[in-house]
Structure formats: C-alpha cells, structure tokens
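Visitor: Attaching a single structure in structure tokens format; questions to follow.
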Amino acid sequence: MRHLLSAADLSREDALRILDIAEDMADVSTREVRKLPTLRGTTVVNLFYEDSTRTRISFEAAAKRLSADVINFAAKGSSVSKGESLKDTAQTLAAMGADGIVIRHPSSGAPKVLADSGWVEAGIVNAGDGTHEHPTQALLDAFTMRRRIHGPASRGRDLDGLRVVVVGDILHSRVARSNAWLLRTLGAQVTVVAPPTLLPVDISRFGVDVHFDLDEALARVRPDVVMMLRIQQERMNEAFFPNAREYARSWGLSAARFRALPESTVVMHPGPMNRGLEISDEAADSPRSTVREQVANGVAVRMAVLYLTLAGDREDSL
Ligand code: CP
C-alpha cells in the first residue's frame, strides 16, 4: 500500500486487512511491550494545515510506538504564512528525510495532489482534506463498531447488516463521506439524517438512505449505532445554520432522545464535540458512548496504516 488517500478506494479485503493488522497493533500496545522496532530509521512528518487534537497526536503516538522519528509541522507559525506553496513545503520536508507525510489540509484533494505530483517520494496519508475525506477516522470508527459487535472474535469479520444512523452536518463532514464509503463496503446499512441545508446535493451517489426527521429515522431504523457529527460552524454561514436552539431541539441527541433509543444502541462521535448542541452530556458520557474508545482505537488503526504505507508492500497501491 503506497498511500492512503480515500476510504472510497478501499476494497473489502483492503479494509479488513487494515482492521486485522490494527487488532495486532492494539494487542501490542496493551501488553508489556509498548513499542515495536518496525519503523526504526524511518521519519514520519505530520503536515497539518488545519487544527487537530486527536488525529495529529494519535499519528504521533502511532509512529513512535513503531519506533519512527516524528516531525510535527503546523502551518501556523511556519513559512506557509509567508506564501510558501505546498510543493515547496513538502520538498523542504522531503529534503530533511521524510519517508511518510501525514497531511491535513483545508483543500479537498490536497493529499492526492501531493501523491500524484511526484514532488516527493514519501508515502502520503490523508488525515482530513477539506470536506472530502478522513479515511483513518472511518477506519477507527469501523474498528470500534466491529469490536463492539464481535468482541474478541473480530478478526476477519465485516459489518454485514449493521444499522448505522449518521446525524448532523453531513454537508461539511469528511468523516461522514469516508464513513459512508467504508461502512457500505463492509456491509453496513447507512442512513443519514440532517436538515435539508446541511446535506450535499450529490448525496444520492453515496448509496445511503436519507431522512430529515431524526425521531422518525430512529424509530424506523432502530439503529445499532448512532453517529453524531460536529456542527462545523467555522465552515458555514447563517444561511446553513440559523439557530443553535432549534438545531439542538430537532437534530441533537438530547437526554430524552438518548433514553428512547434501544438499550443496545451504541453512541459515537468523532470529536471534538459541541456538548449541548449536537450531543447531550448524558449521551456523550454514557457507558454506551464510544467517544474515548474511538480515540484509543485510533492509535492502533494509525499504527496499521503507517505500517502498511511505510513498511508493507509499497508497490501494492490503494
Ligand atoms: N476527529 C478528528 O479528526 O479530531 P481532530 O480534529 O481533533 O483531529
């Protein structure tokens, strides 16, 4: 696997291979052995043009647990503010020995440009590009769902028949897009619920069911998983999102809505959360919430992705 750019590119076999290797990595990180020598002598650069807590830190933890050297680059405070291009920045980092570049960028398609351009030899991993994709988030979400359903017998299993409802700001969500592709590849039934102004016009190409009324959708689907999405206020204006109170009332996972869910329904959120807007404290902090599990699983999944892009069969492109 040369690069990881998009969940849409992953076949069922590719995805299961990543998830199964992540199971092995999770086993390692919970045993006495905290570190593997696999990427010793390799340098991973975290090239972040947008803010991040979970993704950047978990890629750093993942690389260090595989014994790689890590360079963290934030566009803020760098020569990007003097107008340096992506090409020149990437080539500067490559000249310092970057073998892998984990990139987060506000422009959809920036990781693919970097991978296709030939500007650098490094393996490229998409850590979130604009509103396009966030493939490692979808992989860690699938890993978390698979563990909740199949427990210790997860290896080799997919998500066949799992009912997943994704709620909120689908329009701006790269997490929703990556999850729609990956969950369907793994056999899940995906329903999205959003106000009409927060749905992409091309939603039909994702092969998901669409609802506007959250209570109706929850009653009809009786989901195994409800995934709440962050309202991305930084990417929208009032035409999309006129009123926080109205949004919370109609599309938020309030305490009352959470209590009305089937007892077995799991609640997910990629973080960061807007508590009181898209999710209540009761739902977010419940034992049925996987929010912290998702973060912990992210390290194992990113170890698997770094292993496959930097130490695996790199001719085998995804
Ligand atoms: N879920 C996610 O991508 O979080 P960060 O923006 O904190 O990385």
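Each residue, glycine too, has its Cβ placed from N, Cα and C.
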Visitor: Using only what TrEMBL says about carbamoyl phosphate binding by R54, T55, H134, Q137, G271, P272, identify which of R17, R104, R235, R245 is listed for that site too.
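Guide: When TrEMBL describes the carbamoyl phosphate site, the candidate it includes is R104.
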Visitor: Specify the nearest of the binding-site residues K82, R174, R230 to R104 (carbamoyl phosphate binding site), where nearness means the distance between Cα atoms.
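Guide: Going through K82, R174, R230 one by one, the Cα closest to that of R104 (carbamoyl phosphate binding site) is R174.
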Visitor: Restricting to the chain of R54 (carbamoyl phosphate binding site) and a gap of 6 or more, list residues whose Cβ falls under 8 Å of its Cβ, or answer none.
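Guide: Within the chain, R54 (carbamoyl phosphate binding site) has Cβ neighbours under 8 Å at P270, G271, P272, V295, G298.
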Visitor: Just give the helix, strand and coil counts over the domain 'Aspartate/ornithine carbamoyltransferase carbamoyl-P binding' (2-146), going by DSSP.
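Guide: Reading the DSSP string over the domain 'Aspartate/ornithine carbamoyltransferase carbamoyl-P binding' (2-146) gives 68 helix, 27 strand, 50 coil.
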Visitor: Take the C-alpha atoms of Q137 (carbamoyl phosphate binding site) and K82 (L-aspartate binding site) and report the distance between them in angstrom, rounded.
Guide: 31
